[in-house]
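Reading through the structure tokens given below for one structure.
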């Protein structure tokens, strides 16, 4: 009977070898790196429809780097953002530089609105005056002042006329008439109220400011011109 029990015990141990290889409770089992890779391959074979998002999660869980395709897409995205920012900066910057490098005429207009006369102009009362040195016909003088964003010299009152007469002995003013039978008018089409020493000569249809007053002259004569514009305060 004792022999049978001994034989039975040996057979039981032989059939259940795990009991002979029990590990202490304090040690934890771990899966090697090779086993993890095998697990991943088996997972991919079993689930071929896994998308990139699922694969990324697996990589993140294991502390591995993302696939190179994802890194390439991120780099291309950053490059696109930088290029777009550069293009937008250029679009905004170019008009700004063109505005700063605008023509002197634009500078003259700004000076008028800022309440200051441009350089080489003089200020009297509430107006700016350009004292020209070139001799031109009446029509040429009118065009020259227009190019300076101003008008050919005009006279508002007697005091201004006396002041201007001291600056130049003779200069065109923005007053004319169609013929000796027509009244004197300004370039704005308004009737001119100041007296002009007239002549019966049919060709003297433009007005000139002299030291002694206003006088009619031939419009084709070459005379010094002055320009004027109002200050906007």
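Placement of Cβ uses the backbone N, Cα and C atoms for every residue, glycine included.
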Segment assigned the feature transmembrane segment in Swiss-Prot (from 71-93, 94-116, 117-139): 71-93
Per Swiss-Prot, the candidate from 27, 178 carrying the annotation N-linked glycosylation site: 178
Which range of 1-32, 33-64 is region 'Disordered', per Swiss-Prot: 1-32
Residue among recorded positions 145, 178, 219, 227 with Cα closest to the Cα of residue 117 (disulfide bond): 227
For residue 145 (disulfide bond), the one of 128, 178, 206, 219 that lies nearest, given that the recorded positions are compared by Cα: 128
Cα-proximity to residue 178 (N-linked glycosylation site), 10 Å cut-off, over disulfide-bonded residues 128, 206, 219, 227: 206
From disulfide-bonded residues 128, 206, 219, the one whose Cα lies nearest residue 227 (disulfide bond): 128
Position of peak Cβ density within 10 Å, selected from the disulfide-bonded residues 206, 219: 206
Cα-to-Cα gap, residue 219 (disulfide bond) vs residue 128 (disulfide bond), nearest whole Å: 25
